[in-house]
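I have placed the structure first, in the form of structure tokens, so that the comments after it can refer back to it.
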């Protein structure tokens, strides 16, 4: 990419390293960090929305809805998250294609499942086999976002469910005494009040979400783990201008340091937010979070 | 072939006994249930080994972190920070490649590159760090009155720790520690997806579940089977930890009832 890098064989020492670290593939590696950050930025609010929906459903007075909400929370929390990732990446894909198949090819008479094959008509393929590479990548990314949101939504639902119940009963009763309906109480009292109770759990969840982000690799997205394995493996002079031995250990050490820095910074920021929000609030949360790494953990490690 | 035959052939497949070839076509429900169940042996193995060995280090880390001497406090803080601040998935990858290059220099490290030892070592440190932080938190919340009472009885040093501080710490930490145990068992599914090779296709439950999902292109059978096994395992963990918790609290009034409800709340909360 730089003029001085035109002939790598003449380079040595730091200039070799500089040219090595700025090859096209390395730039893709650095770009993959952007993908991870984007995934986190998009997933967090979506997961929160799922969590809100789950918590409201679990609290519902309509029994089937309440069972549904509780089952969502219990099942997702009871099964390893990685199993969900592996499951949804195929299941969602097949589900979407099945729906499109039903809608677009109504006169198709063969069965969709033929032994070990899943056959839908060409128009129902998602994305279409004619579409560009970037469409496939964007589609894969959105499947990943949805899967992450679904799994972490259950954890968020658990936190928000607890937070809604932690709102002091006296406040609810006061609101009722003012003649508010159930719906008004929920909107005007419960929801605004619950956040301070939810924050320790949610910040913990954010940490767990950060630490789950390398699982993107299992969803087939070309993320940092993919590139670290790819770039670090032994390169022979036949295939690259920059031959080297097995450097995967160093690449993963770099990822380790990246994640340590990321979680540490998140923690400092979240502690500040907590301090600010709990100013003047007589909750245990305002004093409880001590120690450099935070106290509790309520998610998959 | 009856289901009993399948059980005989594949029941211990994950350990290398029985039929070597995995089924390649005409997959039956029985085969999937048996093989995924066979893989659960590895999940239970990793979980139990890491939990039992990690408990000792976790206690040491908690005491170290609470220590007034920087010589004990700093290393404990760093171990906890390193293993809690980074993803387990990356730790597995890094450890595997580290062991691989160590093996290149010292052949004695050979065993560490196979999953049964290498992954167990990583899980040991990981769970020790998480549990260490839990125990540390509990250690900080041991009621002052109990420590003063111990002083009044003339207990000091080791005997005070062993007879008063440590049991109370465990009692306080137990619900959170139960959670950690559950998530540790869940985390064992990462092993064979993170560098550590499954030699001769001897993998864990998720390894076989994804094998079936790839071969049949139908995720709706193997993954629910896996989920069923894990929910069962989770219930067993809650049950066992609940029994221990009850024993820890046996001198307290109404301990039995409270612990039983507490135990279930950790997951169905």
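Using the three backbone atoms N, Cα and C, a Cβ is placed for every residue, glycine included.
No curator has checked TrEMBL annotations; they are predicted automatically.
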Feature transmembrane segment in TrEMBL, mapped to one of the ranges B:220-244, B:245-269: B:220-244
Which listed span TrEMBL calls transmembrane segment, if the choices are B:44-64, B:149-169: B:44-64
Sequence-remote partners of the transmembrane segment (B:111-130) [C-beta within less than 8 Å, at least six residues beyond its ends]: 42, 45-47, 49-51, 53-55, 57-58, 61, 79-80, 82-84, 88, 91-92, 95-96, 99-100, 102-103, 180, 184, 187-188, 191-192, 196-199
